[in-house]
Amino acid sequence: MPYPTGKTGYKPQQEVFYVIDEISEFGQLAKVAPDTNLEFVLYQGEQAKLDELVLEEEAAGYFVLNQAFLKTGQVQVHSAEKRVMFKELQGLLSNLLQGLRVQEIGIEREQVAYLTSTALLSSVQIGGESSGDQPNRIGVSIALAGIVLFLIFTSGAMLLQSALQEKQNRMAEIILSSVSSDNLMQGKIIGHFLLGIFQLALWLSIGLSAAWYFLDMPILAMISLGQLPILIFFALTGYLLFAALFVGIGSTMTDMQSASNTQGMVFMLPMLGFIFVGPVISNPNGLAAQIGTFFPLTSPTITILRLGLAEVPTWELVVAAIILLVTTLLVIKAAAKLFRVGMLMYGKSASVAEMWKWMRY
């Protein structure tokens with residue numbers, strides 16, 4: 001039987017096999033392989049000629065379906081190279097063998113599916129919630145962490161634009177003649193924070209109402225009142241950390257176009273928390289979750305995310321809070337020094353060496 005596609009129309013991405021069918025089940029084999037990279041061609045002729053066809057690369061190989069296959073499940077695949085997709089072929093022949101044996105015994109496929117069905121497990125925490133609430137809890141945790149990032153980015157962007165505008169319009173010189181640079185920076189951070197909180201409260205009121213009405217999701221019930229002070233602490237401290245970074249770096253720039261790579265990278269730091277989101281959801285108390293909790297630049301979002309997923313050890317919360325608080329105070333102090341000099345510097349954006357020099361004053 002000549003091979004219909006042969007060298008004239010053979011598709012390299014497919015593996016073509018000749019099949020010698022001694023049990024008249026080629027039709028069943030074709031049914032189990034419609035959407036695979038394997039193509040089967042029924043062969044009726046001398047087996048010796050098949051060896052020549054395989055060596056001439058007319059096909060990937062051939063095999064025989066016989067009574068031994070039904071009894072033992074063993075099939076010898078004759079091929080010229082080791083590139084043949086044995087794994088996929090084995091899966092198809094296994095499906096064929098199971099189907100033929102089911103017919104031989106006389107069992108219905110529905111009965112086979114019933115007998116081979118897997119157990120479905122769901123966990124119930126003693127004194128806690130069932131695993132059915134876990135997707136909702138994960139969603140709420142991610143939403144809370146996202147709210148913190150939203151506040152950081154929106155208020156941070158406004159802080160940056162405010163500092164640049166006052167610097168470009170020379171308004172900083174007039175303002176600094178009346179107040180100290182520290183008071184000006186603190187006023188900017190607090191003012192934009194309150195503005196961000198107002199904007200956030202508006203969006204939350206709409207979002208929570210929609211979730212409660214349309215999704216029937218008890219969001220407030222998923223937030224422990226005992227954890228609320230911890231959430232507020234990490235959210236506020238995280239905001240102060242990044243706000244100080246933004247306003248400090250913003251004061252060293254002339255405009256966004258002249259910002260150096262180092263200055264531009266600072267505004268991507270809040271996104272570092274996304275590196276840990278996947279591992280934290282998979283294992284809220286694993287090593288990656290602990291690293292994300294202790295690292296100050298990811299601590300606000302990761303800690304809030306973990307609190308919604310599992311019980312975080314108290315010592316981890318205490319250590320993370322101390323590290324975050326100390327880092328925030330150091331960053332505020334360094335940002336104040338940058339702000340004091342940078343707001344009165346014109347002409348070019350400061351280099352890393354210049355910023356380091358200002359912070360050492």
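Just so it is clear, glycine is given a Cβ too, placed from its N, Cα and C backbone atoms.
Remember, TrEMBL labels are computer predictions, not curated facts.
When the ranges 59-77, 287-305 are checked against TrEMBL, the one recorded as transmembrane segment is 287-305. Remote same-chain partners of the transmembrane segment (138-160), defined as residues 6 or more beyond its termini with a Cβ less than 8 Å from a stretch Cβ, comprise 188-189, 192-193, 195-197, 199-200, 204, 219, 222-223, 231, 234-235, 238-239, 242-243, 246-247, 249-250, 267, 270-271, 273, 277, 281, 300-302, 304-309. Beyond its flanks by at least six residues, the transmembrane segment (193-215) meets 147, 150-151, 154-155, 158, 239, 243 of its own chain at Cβ-Cβ distances under 8 Å. Segment contact holds for the transmembrane segment (317-336) and the transmembrane segment (227-250), given three or more CB pairs below 8 angstroms at sequence separation of 6 or more. Tertiary proximity for the transmembrane segment (262-281) is limited to same-chain residues at least six positions away from its ends with a CB under 8 Å from its CB atoms, namely 138, 142, 145, 149, 152-153, 156, 160, 242, 245-246, 249, 252-253, 288-289, 291-292, 295, 297-298, 300-302, 305-306, 309, 349, 352.
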